[in-house]
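**Q** Attaching a single structure in structure tokens format; questions to follow.
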């Protein structure tokens, strides 16, 4: 199935002329009549079941529930009844499908095939039925420790490559453990340059990858801790305050964190003071990168030198009439001046796992910037490019 430069592209769908396809793992031995029974079970469901499986060997695979949330780039596994499964784990199995169903999938034979079919089936609402009847397995000499390591290493590589191809950044296992496949401090973030305040993942109908949200939360918590320790007067701004008011967290489709602070307090933070003094980025001991933004008079704190997910720090100062203003405006509709009374005093709100500072009347502050009812009416940053209702299917509520 692997393409080769000196041969035509493999097209197995053109070679299969039967109404059903069996996918058989190496080492499975035939059992008279078992494939026919699997076919009969498949057809008896009238189309509700799309895949029928039978174990190979004496130990049946574990039957798991599987829910794939494409918008959130996440696959969640749970326990399920043996009869109806979302995924199989722990042992090989023969799978039987209708040929038309198999070739309707975008990745029908990508290894590991059982996992690939399970994820794609979940996205389509298909069910998988595991039968009690089993195919015997051929007797093989046991693998050496090195052979087992090589085999497991190959499976792990195939699994990671499959998750990347299917767009799954996070797997939540039945015991609650998490398996990550996205970005980290040593890799670039999962999306490119933002155009018209709309990242590419929104254009494709998805939300912020969970690995990127994790990095934003870590960066936000780090920045809040540094500002608190330095005694800087700061507050959540814009969409970050909106996320705190709605969820106590970052908005699920946001791509940065915005924090305002008093310009006169900037020198209190050793990292910001170093950036101002040298004009160069400064990396702190935990690998976060502090720098002056190229777009104007504000600062950015990146998750790392490689991963540019960031917190924007906006220095405000008081002008005549007790109004908070700043020197750089990027033309966003919500980027406006506001009375200082919103900051006297500041209050604590839950955000990204910590208590962060916020204006003392978050609703009034947000409605001044975004308009009335903004907390109750979620919307994407630029509805002219894509609207939230396109991905929810039920309006913007």
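Including glycine, each Cβ sits where the backbone N, Cα and C put it.
From TrEMBL, for reference:
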type: DOMAIN; residues: 1-173; note: domain 'FKRP stem'
type: DOMAIN; residues: 229-267; note: domain 'LicD/FKTN/FKRP nucleotidyltransferase'
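Set these features in their place in the structure for me.
**A** For the domain 'LicD/FKTN/FKRP nucleotidyltransferase' (229-267), the residues of the chain that approach it from at least six positions outside its boundaries are 72, 191, 194, 199, 201-202, 207-208, 212-213, 216-217, 219-220, 223, 273, 276, 299, 309-317, 324, 326, 332, 334-335, 343, 346, 349-353, 356-359, 362-363, 365-366, 369-370, 374-375, 378, 380-381, judged by C-beta separation under 8 angstroms.
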**Q** List the helix, strand and coil residue totals of the domain 'LicD/FKTN/FKRP nucleotidyltransferase' (229-267) as derived from DSSP.
**A** 17 helix, 9 strand, 13 coil
